[in-house]
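**Q** Structure provided below as structure tokens; questions to follow.
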Amino acid sequence: MIKEGFLIKTPKKLIALLGPSGSGKSALSIELAQELDAEIFSLDSLSIYEDINIASAKPSLKERKNIKHYALDYLNIDEKNNASLFKTLLEDAMRVSSKEILLIVGGSSFYLKSILEGLSGMPKLSDEEVVKIEREIATLSNPYIFLKSIDPNMAFKIHPNDTYRIHKALEIFYATHTPPSEYFKANPKKPFEHAISLFALSVEKNALANNIKQRTKSMLDCGLIEEIKALYIKYPKDSQPFKAIGVKESVLYLEKRLTLKELEEAIISNTMKLAKRQNTFNKTQFNNLYMGSVGEIRHAILKHSKSDTRER
């Protein structure tokens, strides 16, 4: 029930456009936004940071002037992003957008899955408590083995290489002194209340490899090293973005641990591995997801949006 004088404006249609790095999501999203008179919510764990423009392949200022983008330039480099933050920003965008359609565009599919399935609220911690917990976790020789010892049920659900989820589980343990599985029982997930139509780009392997090579070369030509150098001087070395592809290799170059040629090769290789993981995730982790080429997805989204609008 809406209280008198309090109206939440939400887009009538939420459409997610997913796809691996280098698949052409950004270019297609701009085209679609223009044709559908839509706005764009950026679901990207790097574009959310200020001052990371080249490494994140962030939309240009001209593109952003013509089409409203949300969740760009929101965090400083030394702040952390997570699924809960993206959910909050998405709900904020839904409230303020006056358009019929909001396109959710990005490669951070794990965050979208977490939002759709629902998030359990994390314990509220002060900055001092966060630092203390981070130190505790850093002293563990094998975080996964420790998690297994305190909460076998939770450890069973997490792959030993899934450092993100292991870390989150241990944060809960140190913050609450409760096994994470018990904490989640007491704080159940709340599924997302709004329907999101899911589409994902699937690009042929050789074409994707060529896109990634061209993109990497372009990033280096546009000043990637200079961009990361400015951040490396200014911010703590353990800041979350310094672990991202394109950034971490540039740091190794700045530390003279890679040559320029090795830097380019490392970014290409790591991006291709990431793209493979993203593709697999999109294929296996979503129900009712439509996958196809750029042309197929463009046609499917336009048809889906326009028929839906006519029905209303």
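Cβ coordinates are placed from backbone N, Cα and C, and glycine is handled just like the others.
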**Q** Region 'Interaction with substrate tRNA' per Swiss-Prot sits at which of 44-47, 204-207, 280-283, 292-295?
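**A** My reading of Swiss-Prot: the region 'Interaction with substrate tRNA' range is 44-47.
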**Q** For Gly22 (ATP binding site) and Ser108 (site 'Interaction with substrate tRNA'), determine the Cα separation and express it in whole Å.
**A** 13
**Q** Counting by DSSP, what is the helix, strand and coil composition of the region 'Interaction with substrate tRNA' (44-47)?
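**A** Looking at the region 'Interaction with substrate tRNA' (44-47) with DSSP, the answer is 0 helix, 0 strand, 4 coil.
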**Q** So of Ser23, Ser108, which of the recorded positions has the fewest other Cβ atoms within 10 Å around its own Cβ?
**A** Ser108
**Q** Should Gly19 (ATP binding site) be counted as helix, strand, or coil on the basis of DSSP?
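**A** Gly19 (ATP binding site) sits in coil per DSSP, no helix or strand.
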**Q** Specify all same-chain residues, apart from the site residues Gly19, Pro20, Ser21, Gly22, Ser23, Gly24, Lys25, Ser26, whose Cβ lies within 8 angstroms of the center of the Cβ atoms of the ATP site, ordered by sequence.
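**A** Neighbours within 8 Å of the Cβ centroid, excluding Gly19, Pro20, Ser21, Gly22, Ser23, Gly24, Lys25, Ser26: Gly107, Leu201, Val203, Asn211, Ala275.
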**Q** Under a criterion of Cβ-Cβ distance under 8 Å and sequence separation of at least 6, what residues of the same chain contact Ser26 (ATP binding site)?
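**A** Those within reach of Ser26 (ATP binding site), by Cβ under 8 Å and sequence separation of 6 or more, are Ala57, Pro59, Val105.
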